[in-house]
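A short worksheet on the structure shown next.
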């Protein structure tokens, strides 16, 4: 959608094909309360409503994979958290071949329209912002919710912080890619939106460079998953090489104390702990030649013992947090995991029985060197195919220690410039 800002000056026509529909302005999408403490649009007609395959490591429970099936995609379903990852996250990507990710910061500023808190609110709640870190002329609204921060738990690079949200400060409603980009451009004559249509085939032809995509077939989104008949019978050696490269980076940074390990979320109920850089890896596979049959998604939860140890340690630390003096006036009562959970074995069993996901699936079409099993290069081009790019969270080589939407927006802004440059637009 980020092309549409410059479309009036471009001698080209853009067609957007979306499997979902335009939302109807439902409260469960746009009112922050419903997304913040409830499920919002998750599980509705605007969600693909997929689930991960049952996992032995999670006591064979099925866990949902919320994915936006609507104009605006995941920005209509998420919790609106609008935060950037640390520099180290993007530097790791460069190490595996995603060149240019250290150039993203100007795009972060370009896409946002930050509203600073009113002076009286900033004083009352001790909110401090760095003006140089924000953009003020972009399309995506960014503002701060009024919640308290506990400095007694603060650290060096990590700790408690004010977390901006993708909210319109005037209407107090969600700001998503539809409201930020589509609504202001929908009347442009060289922009067309086709909703409720699913791409079932890429039309290709051979040229002197190999394979070139020249069109698509639609029935009623092109998948990044190989058709069933072409799936390898075992793991490709390049995929193993890619994981080995990632493993070395993760273990190095985990030992160096440069990598945020866990996110602790305070939402008015139990403290939630989110593992930021899991060592486990999953996979996605086509189960049928029918493009409308859902794929099988295996997240590989807890297939690496380190993840189980880290999550168990996080549960113990969450118990420590609620026993700090700052919480004493609230008289907290531990309901989960509960006082009966004490030993390492207790905590590990409890993690297996309760583990879920804070969403943010990524990495199915990684931007890495081809010898590491990468799918796209640093300009989002699919290796070995001309005229085909992937621009979404699937290209993240490794998941970052932040919510994904800001990086996806910045990625799209960067891709827009790359595409226009390659087409001399």
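Glycine too: its Cβ is placed from the backbone N, Cα and C atoms.
Taken from TrEMBL, the feature signal peptide covers 1-19. Residues or ranges marked as domain 'Glucose-methanol-choline oxidoreductase N-terminal' by TrEMBL: 68-91. Residues annotated as FAD binding site in TrEMBL: 70, 199. What TrEMBL lists as active site, proton donor is 360. As annotated by TrEMBL, active site, proton acceptor applies to 403.
Distribution of TrEMBL features across the structure.
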residue	record	Cβ within 10 Å
70	FAD binding site	26
199	FAD binding site	16
360	active site, proton donor	17
403	active site, proton acceptor	23
Using Cα positions only, nearest of the recorded positions to the residue listed as 'active site, proton acceptor' (70, 199, 360): 360
Helix, strand and coil counts within the domain 'Glucose-methanol-choline oxidoreductase N-terminal' (68-91) (DSSP): 9 helix, 3 strand, 12 coil
Rounded inter-Cα distance in Å - residue 360 (active site, proton donor), residue 70 (FAD binding site): 17
